[in-house]
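Novice: What TrEMBL lists as domain 'Phosphofructokinase' is 3-275. According to TrEMBL, the feature ATP binding site maps to Gly11, Arg72, Ser73, Gly102, Glu103, Gly104, Ser105. Here TrEMBL flags Arg21, Ala22, Val23, Val24, Lys25, Lys154, Gly185, Gly186, Glu187, Lys213, Asn214, Asp215 as ADP binding site. Among the features that TrEMBL reports, Mg(2+) binding site is placed at Glu103. TrEMBL lists Thr125, Ile126, Asp127, Met169, Gly170, Arg171, Glu222, Arg243 with the feature substrate binding site. The feature active site, proton acceptor is assigned by TrEMBL to Asp127.
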Amino acid sequence: MKKLGVLTSGGDAPGMNAAIRAVVKAASHYHVEVMGIQVGFQGLIDGKIHKLTSQEVEDIADRGGTILKTSRSLEFMEETGRKKAFNRLKDLDIDSVIVIGGEGSLKGAEKLQKLGINVVGIPGTIDNDLAYTDYSIGFDTTLNTVLECIGKIKDTDYSHDKTTIVEVMGRYCGDLALYSALAGGGEIISTPERPLDLYSICSKLRLRMSSGKNDNLVIVTERMYDLQDLQHYIEKKLNISVRTTSLGFIQRGGNASAFDRVLASNMGVKAVELLMNGYSGLAVGMKENKMIHKELGCVNSEIADKQDKYRLLEKLLG
Ligand SMILES: Nc1ncnc2c1ncn2[C@@H]1O[C@H](COP(=O)(O)OP(=O)(O)OP(=O)(O)O)[C@@H](O)[C@H]1O
Ligand SMILES: O=P(O)(O)OC[C@H]1O[C@](O)(CO)[C@@H](O)[C@@H]1O
Ligand SMILES: [Mg+2]
């Protein structure tokens with residue numbers, strides 16, 4: 001490896017900074033120069049690239065967001081944009097790039113690799129929607145933020161005997177809702193993997209109310225319902241008053257959890273080591289507590305099997 005570029009892309013995720021730190025530290029261990037590519041693939045196209053020093057990343061492991069900034073680049077989706085990005089790398093003699101981002105970013109990484117750059121991807125997204133890895137960087141921190149918020153909502157729900165609908169992020173993946181419920185943060189959940197229709201949500205609520213539980217938390221993944229319609233439907237059907245909270249961007253910020261920092265550190269170092277050993281076109285991940293790597297082409301098509309987790313949930317929620 002001659003010179004390494006690193007970028008963050010897609011939604012920011014807590015732990016991305018810890019991954020950047022690990023990449024820079026590991027590269028410096030092998031005496032490889034690292035260039036920080038600002039603002040994701042768009043910054044690469046625009047040439048926003050500077051040398052990243054060990055000093056610059058010394059104190060960033062805990063910080064949420066990404067010091068490199070990020071973007072969703074429409075231009076990189078086009079071949080002409082990607083060609084510009086490729087030329088920027090060639091001009092600066094950067095032969096290898098580490099892409100930290102979600103499933104979209106790893107698709108972008110695969111395309112960059114096909115242009116002849118050595119590329120390794122690191123999964124960084126709060127959505128945890130990459131099936132090849134048990135966890136992506138950011139998911140654990142966000143899950144903890146969601147649980148903290150839900151805990152607060154539950155206090156007021158209990159005091160007023162109220163039902164609340166809480167909408168969490170995840171794009172088309174229900175993991176944030178699923179794991180929140182597994183951790184005791186919700187009694188009724190609806191996710192893209194196991195969607196409930198309005199009628200079923202009311203039936204479940206009715207059952208809980210008939211057993212004397214009048215403060216109930218319905219946790220749903222974003223983009224599944226018009227929240228106002230859902231609230232009004234339940235209110236009318238069950239003759240109760242319902243509150244609705246969409247947790248929004250509070251979920252994406254905040255200091256990275258210890259888990260995410262350690263995961264990011266492992267992944268950052270592993271990505272550099274793969275490149276040092278001549279590998280390319282791979283994404284690093286974690287499966288059953290072990291670091292793994294897979295071909296970028298495969299990671300993008302793998303579908304997650306969540307059966308076990310949903311079976312566990314059935315036993316917990318009854
Ligand atoms: N098929 C693709 N080809 C080339 N580039 C892509 C492709 N899909 C996504 N990208 C690039 O990756 C960027 C980020 O993708 P996306 O918006 O899907 O976020 P993500 O990486 O999945 O992260 P998150 O879901 O956490 O926000 C896109 O804006 C685009 O620049
Ligand atoms: O920041 P934006 O572009 O509004 O994206 C929001 C999306 O990003 C995520 O926070 C992370 O992918 C999703 O959960 C959410 O759907
Ligand atoms: Mg995504």
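Glycine is treated like the rest: Cβ placed from N, Cα and C.
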Novice: Near ligand 3, which of the binding-site residues Gly102, Glu103, Gly104, Thr125, Met169 are found, taking a Cβ distance under 6 A to any of its atoms?
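Specialist: Correct list: Gly102, Glu103, Gly104, Thr125.
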Novice: Which binding-site residues of Gly104, Ser105, Gly185, Glu187 contact ligand 2 in the sense of C-beta under 6 Å?
Specialist: none
Novice: Max Cα-Cα distance in Å among Thr125, Ile126, Asp127, Met169, Gly170, Arg171, Glu222, Arg243, the residues listed as binding substrate?
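Specialist: For the residues that bind substrate, the greatest Cα distance is 29 Å.
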Novice: Mind looking up the mean pLDDT for the domain 'Phosphofructokinase' (3-275) in the predicted model?
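Specialist: Its mean pLDDT is 97.
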Novice: Tell me which residues of the chain lie with their Cβ under 8 angstroms from that of Gly170 (substrate binding site), as long as they are six or more apart in sequence?
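Specialist: Once residues fewer than 6 apart are set aside, Gly170 (substrate binding site) is near Ile126, Asp127, Asn128, Asp129, Leu176, Ala177, Thr191, Pro192, Thr221, Glu222.
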Novice: Among Arg21, Ala22, Val23, Val24, Lys25, Lys154, Gly185, Gly186, Glu187, Lys213, Asn214, Asp215, recorded ADP binders, what is the largest CA to CA distance in Å?
Specialist: 53
Novice: My understanding is the cutoff is Cβ-Cβ under 8 Å with a sequence separation of 6 or more in the same chain; which residues meet that for Arg21 (ADP binding site)?
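Specialist: In sequence order, Val57, Glu58, Ile60, Ala61, Ser265, Gly268 meet the Cβ cut-off.
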Novice: Which binding-site residues from the set Arg21, Lys25, Glu187, Asn214, Glu222, Arg243 have a C-beta atom lying less than 6 Å away from ligand 1?
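Specialist: From Arg21, Lys25, Glu187, Asn214, Glu222, Arg243, counting a Cβ under 6 Å from ligand 1 as near, there are none.
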Novice: Drop a 10 Å sphere on every Cβ of the binding-site residues Ser73, Ser105, Thr125, Asn214 and tell me which sphere holds the fewest other Cβ atoms.
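Specialist: Counting other Cβ atoms within 10 Å of each of the binding-site residues Ser73, Ser105, Thr125, Asn214, the minimum falls on Asn214.
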Novice: Give me the long-range Cβ neighbours of Arg243 (substrate binding site): same chain, 6+ apart, Cβ under 8 Å, in sequence order.
Specialist: Asp157, Lys162, Thr163, Thr164, Ile165, Gln231
Novice: Given a separation of at least six residues and a C-beta threshold under 8 Å, show me what packs close to Glu103 (ATP binding site) in the same chain.
Specialist: Thr125, Asp127, Asp129, Leu130, Asn300
